[in-house]
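What Swiss-Prot records for this protein:
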BINDING   27, 28, 29, 30, 31, 46, 77, 154, 209, 328  substrate binding site
SITE      77  site 'Transition state stabilizer'
């Protein structure tokens, strides 16, 4: 594989010295960029874009042409696994993802198998291979998956949810059915992420978007234990380099110690936690990724720089191990120039912390 020209992101995840704090943005390839909208229109619809390796690579690289980002993230969706399990995924305008065949009972869970990453999900691996080729070693490529709990919420609810009543009903009335589903999903995620690593992903991230809706006990039982299983099952070295893994639970600030104890390399933070507190709690064990509120990108350029400075100061001088990011995905109507101000501010204002 091509030599990596910028490995700042990988080094920070492994708490190795860097010249400045690396930065990337969740959903950096997306609807806030006019060029993304043009490519998506060319593809026809969202899943067609995901399934076309050349176009998926094009949208992955678009933000890198605009901003000096330190990593690229695979353009895909967390729902590729349940889609490959035959749940009939479609995207409805204004409603988000819908599954025509949701999971409603134990028999539904027993019917589904672990998808073959080089079979039903080969289009994802083709995209990874294409992106690595097109990146030409400029920056590392991040692969990703949803967490078992988060995938299960969509599969049982039949789409997005605000109250999570269907999955919580299953969790409390039929816990064994839900555990069976989560176990299959954990096995699927392990195979899926390992295939991404073999195809060229140099780091992987697990998005636990909905872990924060659980009680502390249920978080450990129904979300964290399955992410722990994934961390244990991942390829951690490839191409002569460590493959770092980041776990991110949105609204997971109360569980940082438990997340750090899984053996992951980094913990993603949302904006509801102070990064100085997070560092004091788990900074000796793991790197931290985050954690500016994505809505801050609506602010003036000066205010964005001020917020970046404040988060950098919060992480402080004590060693490396910070990957700057937003606390969740960038909003679709953020002015692209504000994202540029953010990225450049991170590089410029972080240099004194790394001397």
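Think of each number as a place in line: the chain as shown, counted from 1.
Glycine is no exception: its Cβ is also placed from the backbone N, Cα and C atoms.
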Q: Compute all pairwise C-alpha distances among 27, 28, 29, 30, 31, 46, 77, 154, 209, 328, the residues listed as binding substrate, and give the largest one in whole angstrom.
A: 23
Q) Looking only at 27, 31, which of these binding-site residues has the biggest number of Cβ atoms within 10 Å around its Cβ? A) 27
(Q) Around the C-beta of residue 77 (substrate binding site), how many further C-beta atoms are within 10 angstroms, looking at every protein chain? (A) 18
Q.
Counting only residues 6+ away in sequence within the same chain, which have a CB under 8 Å from the CB of residue 29 (substrate binding site)?
A. 36, 59, 60, 62, 63, 73, 75
**Q.** Local Cβ density at residue 209 (substrate binding site) - other Cβ atoms counted within 10 Å
**A.** 20
